[in-house]
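Engineer: Feature list, courtesy of Swiss-Prot:
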{"type": "BINDING", "residues": "15, 16, 17, 28, 74, 104", "note": "GTP binding site"}
{"type": "BINDING", "residues": "104", "note": "Mg(2+) binding site"}
């Protein structure tokens with residue numbers, strides 16, 4: 001019987017610092033789904049995987065603190081997008097890799113996170129990014145913390161897109177089928193309700 005090789009430790013970043021425009025300005029990570037806040041679903045999944053769990057949040061700091069080892073905030077109040085949270089977390093990560101997840105993907109499972117970490121072990125110098133069909137998902141992946149300075153330089157040059165900021169580093173795809181249900185992005189009230197109804201059938 002083959003025992004899977006142990007995977008190197010990683011820091012984990014949960015992105016919850018957005019404006020929540022599609023949710024009417026509500027703090028998305030704290031919206032309840034299936035009896036718990038979205039951030040709590042991801043906390044349950046990721047807590048056993050790391051001793052360095054980081055949440056990027058820009059409001060409700062006290063509520064998020066219970067779910068993380070550390071919190072990071074953007075350095076201004078303009079809600080500049082997920083790259084702001086990534087650049088804040090990368091220099092602080094305690095491990096070689098930073099695994100990144102947005103707060104609104106509660107159907108992501110342990111098998112997907114393991115696949116990301118296995119791919120990272122194969123390509124230790126390059127970012128790993130989920131690709132669903134032909135579409136990249138730049139907020140689902142892993143970044144070597146050694147690239148913190150590169151992303152910071154992109155930020156200072158005016159780049160705000162995680163995909164474009166990572167492009168020069170030649171991301172490696174973790175290929176998934178189009179429509180993989182684990183990637184359901186519950187970022188509107190209708191999607192939250194629809195997924196809940198489907199799971200309860």
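Quick reminder: no glycine exception, Cβ is built from N, Cα and C everywhere.
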Engineer: Please report the number of other Cβ atoms within 10 Å of the Cβ of residue 104 (GTP binding site).
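Structural biologist: Excluding its own Cβ, residue 104 (GTP binding site) sees 27 Cβ atoms within 10 Å.
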Engineer: Least buried of the binding-site residues 15, 16, 17, 74, going by other Cβ atoms within 10 Å?
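Structural biologist: Per-residue Cβ counts within 10 Å for the binding-site residues 15, 16, 17, 74 bottom out at 74.
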Engineer: Can you check what DSSP calls residue 28 (GTP binding site), collapsed to helix, strand or coil?
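Structural biologist: Reduced to three states, the DSSP call for residue 28 (GTP binding site) is helix.
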Engineer: Within 10 angstroms of the C-beta of residue 28 (GTP binding site), what count of other C-beta atoms is obtained when all protein chains are considered?
Structural biologist: 25
Engineer: How many Å separate the two farthest-apart Cα atoms among the GTP-binding residues 15, 16, 17, 28, 74, 104?
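Structural biologist: Max Cα-Cα spread across the GTP binders: 19 Å.
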